[in-house]
């Protein structure tokens, strides 16, 4: 019987140990199953079957089950089609988090400079663009998520989106409206708080990969960090702002 | 069957369901044991990539129910067992398959006997 590959024993963010399955085979299989909107319990069950079969037959997953994407499709074929949709709470949390991330540092900046928070034409264009992108992700999440099959796109896309949002703000600087920093800051903090609550509520039903051979685990540190990602990013931006002001 | 000989995959696809149901009539068992029994019966090596999607379809049809059982000193195993509907379906498919093979045997046996006759005539020629 083939010895387990030691490189495959780590969970690597996957909550199931599959020591008899090659890591790259497992990662591709999990990705394809996620894109087919299979639940963490279903994916964990399928992975455990592959792992135990490979352990007993001594075959590699590639030899016994063939191409992981094709095997994933063979499990999904014939089952009722599922249409992946982000939950409304997830979308609203995302929008609120983005708003808080922009509003709070601006309010703090205006407070330090003793001015008001100016909203420019570029800000409005960027907000419109961000809302369109959010709607695309929310309504057509299947095709959008399928882009992650191309590794280079997952690296390039966030930068492309960031540039698309920054360019209009840099070019269109005419002020459209001004708001008191206190009001903007309060609304921003409220938005961040609501984002944490909504994201946390999403995790009330965690969809991590479950190993049917093990007792179900509790919430992970990663889930805590994800719920608090926008407040964390906001603090990061504020910290960078403080450093920038100190050195300039 | 000669272990080196492989049956055409189209034939295996057709017969795999009825043979798997037949094995499950003997009692609950797990995937690798089913694959081993199929191989021992002479059907050759059935890959996991073929067997488990079939077992999944049998489960979706309500003919098979599954249960994870802890392994003895090894990983747990997923056991497959026939439901009452599965037992009835296994019997029905076995009878249907017998009828089907009777028909195909009747056809192909003619061909085999004709070939045998031709061979024996050829051997009788000087």
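Numbering starts at 1 and runs along the chain as it is shown here.
Note that Cβ sites are derived from N, Cα and C of the backbone, with glycine treated the same way.
Predicted automatically and left uncurated, TrEMBL annotations should be read as such.
Sequence-distant neighbours of the transmembrane segment (A:91-112) (same chain, 6+ residues past either end, Cβ-Cβ under 8 Å): 130-131, 134, 137-138, 181-182, 184-185, 187-192, 194-195, 198-199, 202, 229-231, 233-234, 237-238, 241, 245. The feature transmembrane segment is assigned by TrEMBL to A:91-112 (among others).
Among the features that TrEMBL reports, transmembrane segment is placed at A:124-146 (among others).
Among the features that TrEMBL reports, transmembrane segment is placed at A:152-172 (among others).
What TrEMBL records for A:179-201 (among others) is transmembrane segment.
The transmembrane segment annotation in TrEMBL covers A:221-244 (among others).
Fewer than three CB pairs closer than 8 A are found between the transmembrane segment (A:179-201) and the transmembrane segment (A:152-172), and contact between the two stretches is not assigned (pairs 6 or more residues apart). Within the chain carrying the transmembrane segment (A:152-172), a Cβ under 8 angstroms from the stretch's Cβ atoms is held by residues 120-123, 125-126, 129-130, 133, all 6 or more beyond its ends.
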